[in-house]
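S.K.: Dropping the structure in here first, questions after.
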Amino acid sequence: MFEEFVLTASTADLGEEPRARADADAVEFRMDLAVDPLAQLDDYGGDLPLLVTNRASWEGGEAADLGRFDALSTALGHEAVAAVDIELAALRGNAPEGERSHATALRDTAREAGVDVVVSVHDFESTPESGALVDLLGDAASEGDVGKLATTATAPADALAMIRATHEATAAGHRVATMCMGEPGRHTRAVTPVYGSKIGYAPVDPANATAPGQYPLATLRRLVDGLRDGDADA
Ligand SMILES: O=C1C[C@@](O)(C(=O)O)C[C@@H](O)[C@@H]1O
């Protein structure tokens, strides 16, 4: 699914999917933020494929325990689910007790089901220097189909480090998705796809952003396509 850039509309409400169709290529379903996520999946009849995320509380989400893996595993049985997000820290075992075995089992299930695995890393405080970012991207990409890195930019230099790291990791053959959270890094969401980033995230309803600094969905679509095609009105 991630050979080309994929713009995902992030939401906790699959009922928003019709509003996302005009601009998004997929929906990121934030199961940890959703009311009755498995029932929503059962009822889903939309056109867009789903990336399912059930973000752990220790990685900035709301899913409090290992039960999040059971819910993700059930989600993989739905035909519309094309990709699943798993935290790198869960796969590498430097997370709370029991995460690693659940995370690797989920990855196996995803592979058997032909579902892509996005391995994610988040830093809600800062952006390390670009060499460290490249290492993180290499680690994440080697554990799944795409390595995703979202860090917090507090100055323009942080955005530059992320752009550089995106370029270097892509040149080294890794499939990555990158972005900075926070206002000084907002433009990375439009620019890193030029350097190889394969996933963008934006809320359908700007009032429900799932990370600081996200552009509205239609804006990110226009910016990414405009930079790619050289047509600002694209
Ligand atoms: O990991 C990511 C990236 C993200 O944090 C962002 O910065 O856009 C938004 C989240 O919904 C998603 O799971």
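Placement of Cβ uses the backbone N, Cα and C atoms for every residue, glycine included.
Please treat TrEMBL annotations as automatic predictions, because they have not gone through curation.
Got these off TrEMBL a minute ago, pasting:
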- E28, F29, R30, R55, R189, T210, Q214: 3-dehydroquinate binding site (BINDING)
- H122: active site, proton donor/acceptor (ACT_SITE)
- K148: active site, schiff-base intermediate with substrate (ACT_SITE)
S.K.: Assuming the binding residues for 3-dehydroquinate are exactly those in the record, E28, F29, R30, R55, R189, T210, Q214, what is the maximum CA-CA distance in angstrom, rounded?
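M.R.: Farthest-apart Cα atoms in E28, F29, R30, R55, R189, T210, Q214 are separated by 20 Å.
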S.K.: Taking only the Cα atoms, work out how far F29 (3-dehydroquinate binding site) lies from H122 (active site, proton donor/acceptor), in Å, as a whole number.
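M.R.: Cα of F29 (3-dehydroquinate binding site) to Cα of H122 (active site, proton donor/acceptor) measures 18 Å after rounding.
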S.K.: Least buried of the binding-site residues F29, R30, R189, T210, going by other Cβ atoms within 10 Å?
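M.R.: Counting other Cβ atoms within 10 Å of each of the binding-site residues F29, R30, R189, T210, the minimum falls on T210.
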S.K.: Of the binding-site residues R30, R55, R189, T210, Q214, which one has its Cα closest to the Cα of the residue listed as 'active site, proton donor/acceptor'?
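M.R.: Going through R30, R55, R189, T210, Q214 one by one, the closest to the residue listed as 'active site, proton donor/acceptor' is R55.
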S.K.: Rounded to the nearest Å, what's the C-alpha distance separating K148 (active site, schiff-base intermediate with substrate) and R55 (3-dehydroquinate binding site)? Just drop the number here, would you?
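M.R.: K148 (active site, schiff-base intermediate with substrate) to R55 (3-dehydroquinate binding site), Cα-Cα distance: 14 Å.
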S.K.: Looking at the binding-site residues F29, R189, T210, Q214, which have a C-beta within less than 6 Å of some atom in ligand 1?
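M.R.: T210, Q214, by Cβ distance under 6 Å.
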S.K.: Looking at Cβ-Cβ distances, which residues of the chain lie under 8 angstroms from Q214 (3-dehydroquinate binding site) while being 6 or more apart from it?
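M.R.: Non-local contacts for Q214 (3-dehydroquinate binding site): S10, R186, R189, Y201, A202, P203, P206, L220.
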